[in-house]
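K.L.:
Please see the structure below; I have some questions.
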Amino acid sequence: MWEILLVNVLLSITGFFVILNVVPKFKDMFLKAKLSGIDMNKSDKPEIPEATGVITSCIFLIVMFIFIPVPFSKHWFNKEWGFPHQEFVQFVAALLSICCMVLLGFADDVLNLKWRHKLLLPTVASLPLLMVYYTNFNSTTIIIPKPLRSFFGSEMDLNVLYYVYMGMLAVFCTNAINIYAGINGLEVGQSIVIAASLILFNIFELNGDCWTNHLFSLYFMIPFFFTCLALHQLNKYPASVFVGDTFCYFSGMTVAVVAILGHFSKTALLFFIPQIVNFIFSLPQLFHILPCPRHRLPRLNPKTGLLDPSVFQFKEMKLNTVSRLVLNIYKMFGLVRVEHVSEDADISQSTNCTLINFVLKFMGPTHEKTLAIYLLVLQVLCSVAAFAIRYPLASLFYDR
Ligand code: UD1
Ligand code: MG
């Protein structure tokens with residue numbers, strides 16, 4: 001086992017250096033192809049290559065393709081053991097789903113798809129994976145947490161709902177990373193922390209009964225971690241490349257794939273606490289209960305060089321009852337700051353409902369680099385909390 005992991009780590013480190021070397025060489029090509037975006041939080045508004053996540057995802061896939069024979073090598077030399085076809089299909093289907101997601105994510109970067117398509121893409125890409133889950137495991141029974149056992153019994157077979165849940169997990173992981181973005185290094189930084197947390201969790205679980213699932217997850221998570229680490233060098237403040245939706249989809253799908261096939265989706269979700277909070281906080285804007293501008297990323301104050309929360313404007317009179325209720329609740333809990341812009345024209349403005357803007361509202365104007373550090377420290381603290389929930393507190397809810 002350890003020698004296989006060693007090969008995996010060595011291949012991943014090679015991938016790390018290839019990315020650092022190759023991505024800068026593609027910059028001009030991306031700019032010529034108009035695959036670029038304006039870095040909105042810089043005073044000179046530079047145009048930066050976007051969707052470079054497609055190069056790093058391809059390098060990740062190449063690392064994985066080269067690695068495929070390694071875990072199965074012992075079966076080639078010892079024919080008596082029989083080839084583990086199921087494991088092999090699982091491996092290949094996982095890569096197929098990630099590969100589909102990269103393709104669809106790149107399509108999004110090139111074509112700027114609508115939100116409804118963004119929700120559909122991960123569902124489509126997760127189909128090969130769900131098919132393999134069906135043929136290999138088809139286990140759709142969940143263990144009910146102790147406090148709820150008097151209502152639902154100790155186990156419940158969710159049947160087709162379990163597949164819906166897994167499809168939704170892929171949609172959530174991909175989009176949650178994509179909407180928790182907008183300052184240099186955040187998309188990749190959060191992926192690094194999530195990958196590192198999952199690697200730690202998998203290593204802890206290598207001594208448990210389900211060690212093969214966690215070993216399988218490590219085969220994917222280690223190269224993923226090094227891929228993100230290399231991309232972060234280029235995307236951190238001041239960014240020389242943007243990662244694009246391609247990366248966000250690739251990242252979310254890779255985590256969803258290992259969580260589904262490794263049977264630890266609940267634990268994986270624990271490492272998404274900031275993303276879950278940001279998603280729930282964003283819901284009124286995502287569902288257009290409150291106005292949602294095209295970009296909700298913080299805005300640069302050119303005078304101070306610091307970031308302020310971005311805002312959306314609205315007419316108080318035009319808000320319906322639900323919108324007014326939501327805004328008042330958010331205001332009451334100090335989640336948003338609402339101000340009158342013009343008394344005569346009845347125009348007000350509120351800070352956008354994202355975790356990034358909330359942190360800015362809480363901390364006051366902050367430099368982009370410092371804000372990225374704060375948000376990544378928050379991600380790390382949430383991972384520490386996730387481990388506390390997963391290990392000491394889990395016994396309150398489950399037998400093991
Ligand atoms: C999501 C968010 C949007 C946010 C955007 C930023 C929702 C519903 N959508 O949209 O509010 O503004 O991500 O990633 O929450 N950019 C920067 N600096 C960065 C990263 C991005 O200026 O560090 C800008 C660039 O102009 C870049 C653009 O954001 O071109 C990328 O936006 P895109 O990924 O297309 O936005 P969405 O994912 O649709
Ligand atoms: Mg995006």
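Quick reminder: no glycine exception, Cβ is built from N, Cα and C everywhere.
From TrEMBL, here are the annotated features:
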{"type": "TRANSMEM", "residues": "6-26", "note": "transmembrane segment"}
{"type": "TRANSMEM", "residues": "47-68", "note": "transmembrane segment"}
{"type": "TRANSMEM", "residues": "88-107", "note": "transmembrane segment"}
{"type": "TRANSMEM", "residues": "119-137", "note": "transmembrane segment"}
{"type": "TRANSMEM", "residues": "160-181", "note": "transmembrane segment"}
{"type": "TRANSMEM", "residues": "188-204", "note": "transmembrane segment"}
{"type": "TRANSMEM", "residues": "216-234", "note": "transmembrane segment"}
{"type": "TRANSMEM", "residues": "246-264", "note": "transmembrane segment"}
{"type": "TRANSMEM", "residues": "270-290", "note": "transmembrane segment"}
{"type": "TRANSMEM", "residues": "371-393", "note": "transmembrane segment"}
K.L.:
I'm a bit unsure how to read this: which one of 6-26, 88-107, 119-137, 216-234, 270-290 has the highest number of Cβ pairs shorter than 8 Å with the transmembrane segment (47-68)?
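P.N.:
Stretch with maximum Cβ contacts: 6-26.
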K.L.:
Can you work out whether the transmembrane segment (160-181) touches the transmembrane segment (371-393), with the criterion being 3+ CB pairs under 8 Å where the paired residues are 6 or more apart along the chain?
P.N.:
no
K.L.:
I'd like to know if the transmembrane segment (246-264) touches the transmembrane segment (6-26) in this structure, counting it as a touch only when three or more C-beta pairs sit under 8 Å and are separated by 6 or more positions.
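P.N.:
No; fewer than 3 Cβ pairs under 8 Å.
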K.L.:
Considering only the recorded stretches 88-107, 246-264, 270-290, state which has the highest number of Cβ pairs under 8 Å to the transmembrane segment (216-234).
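P.N.:
It is 246-264, which has the most Cβ pairs under 8 Å.
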K.L.:
Check for me, if you would, whether the transmembrane segment (270-290) reaches the transmembrane segment (371-393) - at least 3 Cβ pairs under 8 Å, residues 6 or more apart in sequence.
P.N.:
yes
K.L.:
The transmembrane segment (188-204) and the transmembrane segment (371-393): do they have three or more Cβ pairs under 8 Å, with pairs 6 or more apart in sequence?
P.N.:
yes
K.L.:
For the transmembrane segment (188-204), what are the same-chain contacts with Cβ under 8 Å, counting residues 6+ beyond its ends?
P.N.:
177, 180, 214-215, 217-218, 221-222, 224-225, 228-229, 231-232, 235-236, 243, 247, 251, 255, 258, 262, 264, 267-268, 271-272, 274-275, 372, 375-376, 379-380, 383, 386-387, 390
